[in-house]
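According to Swiss-Prot, the protein carries these features:
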CARBOHYD  ASN57  N-linked glycosylation site
CARBOHYD  ASN63  N-linked glycosylation site
CARBOHYD  ASN109  N-linked glycosylation site
CARBOHYD  ASN205  N-linked glycosylation site
CARBOHYD  ASN209  N-linked glycosylation site
CARBOHYD  ASN539  N-linked glycosylation site
REGION    165-190  region 'Disordered'
SIGNAL    1-32  signal peptide
TRANSMEM  268-288  transmembrane segment
TRANSMEM  297-317  transmembrane segment
TRANSMEM  341-361  transmembrane segment
TRANSMEM  372-392  transmembrane segment
TRANSMEM  406-426  transmembrane segment
TRANSMEM  454-474  transmembrane segment
TRANSMEM  478-498  transmembrane segment
Amino acid sequence: MAVSERRGLGRGSPAEWGPWLLLLLLLGGSSGRIHRLTLTGEKRADIQLNSFGFYTNGSLEVNLSLLRLGRQDTEEKAPLVGFSLTRVRSGSIRSYSNRDSHECPLRKNSSSLLVLFLINTKDLEVQVRKYGEQKKLFISAGLLPESPSKPGLPKSEHMVTPKVDHAGTTAAPDKAKSKPTGLQGDRQGVSGKDQELVLGLGHLNNSYNFSFHVVIGSRAEEGQYNLNFHNCDNSVPGREQPFDITVMIREKNPEGYLSAAEIPLFKLYMVMSACFLGAGIFWVSILCKNTYNVFKIHWLMAALTFTKSVSLLFHSINYYFINSQGHPIEGLAVMHYITHLLKGALLFITIALIGSGWAFVKYVLSDKEKKIFGIVIPLQVLANVAYIVMESREEGASDYGIWKEILFLVDLICCGTILFPVVWSIRHLQDASGTDGKVAVNLAKLKLFRHYYVMVICYIYFTRIIAILLRAVVPFQWQWLYQLLVEGSTLAFFVLTGYKFQPARDNPYLQLPQEDEEGMQIEQVMTDSGFREGLSKVNKTASGRELL
């Protein structure tokens with residue numbers, strides 16, 4: 001997403017989050033679907049600028065305000081640089097992700113929809129080559145007016161029509177006789193390549209600039225499009241030359257600035273926020289009716305549900321303003337970041353505490369469980385903060401893809417590590433069921449822990465793995481099903497967890513150990529932690545249970 005300045009956000013942010021969180025929030029903000037990318041000393045051969053799903057009458061505007069190449073203009077051969085616009089089956093699949101690193105996308109032909117913008121620094125022109133069947137994909141120089149009479153459709157398409165000799169071959173374009181051709185589609189040659197268009201290239205102070213816009217004219221051209229920049233001279237190892245680039249990208253659909261897959265997200269997040277709010281209110285009503293069996297962990301579960309609801313509410317509002325204005329409200333965006341961070345921390349803390357049996361079965365965590373909390377929770381908080389920072393940066397940044405993959409791996413590691421307290425509790429109950437006289441109670445608790453273990457496993461698979469596979473295979477306009485699956489799985493996990501561990505007298509998980517059993521657990525915990533000296537055992541009766 002785009003980078004924009006945030007003015008005055010530091011004063012309005014809560015002080016308890018500390019300077020590091022403020023720094024991460026201030027590193028970059030989202031300005032919606034109006035992207036501005038500035039790279040200095042860049043050496044990559046391929047830069048993935050953006051991916052967007054277009055409907056009919058959707059428009060893409062690109063303004064290359066600065067391109068300064070490392071090669072000197074005195075060289076005989078002009079550098080091979082330019083843009084490529086490719087339609088792909090899924091937004092998560094890049095057009096050149098599996099290609100040879102030494103192959104230049106600007107030199108290849110394609111039977112699928114592909115548009116190349118070849119920058120010729122010698123002749124100061126940009127050659128536009130179109131491949132595939134493109135009946136109504138309109139390309140014109142310049143940017144669209146701010147308030148067109150018809151959204152997405154330009155009044156005319158200024159292009160240069162090449163000469164065609166009697167043999168049927170295409171000759172060089174004649175700039176002197178070029179004229180607008182209106183909104184008529186281009187004629188396709190015998191070779192399958194459309195006739196070339198030529199755009200002007202500006203040259204000022206050893207830098208180049210030009211702008212163009214693309215309009216999706218029919219349903220046949222709808223789809224997910226990837227816009228990339230290529231510097232083919234840097235594809236050869238050891239011959240990289242640094243270059244500077246500043247580009248502005250503005251994408252729009254007839255209904256707003258959101259991509260095709262993001263248009264339903266405003267309503268989706270609003271509905272899911274209401275569902276989590278209703279679940280939280282229902283959970284609090286259960287806690288108020290069963291005060292005798294309520295523990296602190298129950299109120300922590302309620303706080304998690306309400307925080308999730310507020311986070312989705314702010315997320316929904318952000319998408320609404322992005323769709324209508326092209327950028328979110330800065331204050332609401334920061335509130336979404338804060339609630340998103342709180343939600344991620346509370347989620348893993350709650351899962352780990354329930355799995356370890358804290359407050360339900362025991363009141364002291366062992367050294368192993370403390371290490372899990374000391375490692376997993378800070379990593380998960382860091383991963384959530386890092387995801388927020390990545391969302392506020394441009395996709396074309398040099399470290400964007402690498403950090404996104406690393407952070408996804410860290411999140412999976414955290415999800416796997418958080419299962420250890422549940423496994424340890426299951427093993428403890430298995431050992432206890434054969435050593436003490438409370439076999440029935442321990443077996444009931446063991447069955448409940450096994451169910452919870454399966455629930456956590458399913459939650460991780462549905463929200464981390466299956467959801468990503470779904471996004472990779474569904475059509476571009478249905479990719480919002482990824483968010484639906486994630487939020488639906490989260491809601492189902494919350495409801496099942498509340499049902500399994502609700503405050504009820506007949507819940508085996510809430511049957512605190514009495515005398516002998518509790519003494520054995522406290523003795524084991526104190527032995528593992530090394531704080532046994534100076535402690536005396538106190539008997540607990542049913543009347544001594546914690547009341548909230």
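Heads up, the Cβ atoms here are built off N, Cα and C, so glycines get one too.
Sequence features annotated in Swiss-Prot and their locations in the structure.
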residue: ASN63; record: N-linked glycosylation site; Cβ contacts under 8 Å, 6 or more apart: LEU143, SER211, VAL247, MET248, ILE249
residue: ASN205; record: N-linked glycosylation site; Cβ contacts under 8 Å, 6 or more apart: none
residue: ASN209; record: N-linked glycosylation site; Cβ contacts under 8 Å, 6 or more apart: LEU64, SER65, LEU66, LEU67, LEU201, GLY202
When counting Cβ pairs under 8 Å to the transmembrane segment (341-361), the leader among 297-317, 406-426, 454-474, 478-498: 297-317
Segment-segment contact (the transmembrane segment (406-426); the transmembrane segment (454-474)) at 3 or more Cβ pairs under 8 Å: yes
Chain residues in Cβ proximity to the transmembrane segment (454-474) (below 8 Å; excluding those fewer than six residues from its ends, i.e. six or more beyond): 90-93, 351, 355, 411-412, 415-416, 418-419, 422, 481-482, 485-486, 489-490, 493, 496-497, 500
DSSP-derived structure type at ASN209 (N-linked glycosylation site), helix or strand or else coil: strand
ASN63 (N-linked glycosylation site) in three-state DSSP notation: strand
Cβ packing number for ASN57 (N-linked glycosylation site), 10 Å threshold: 18
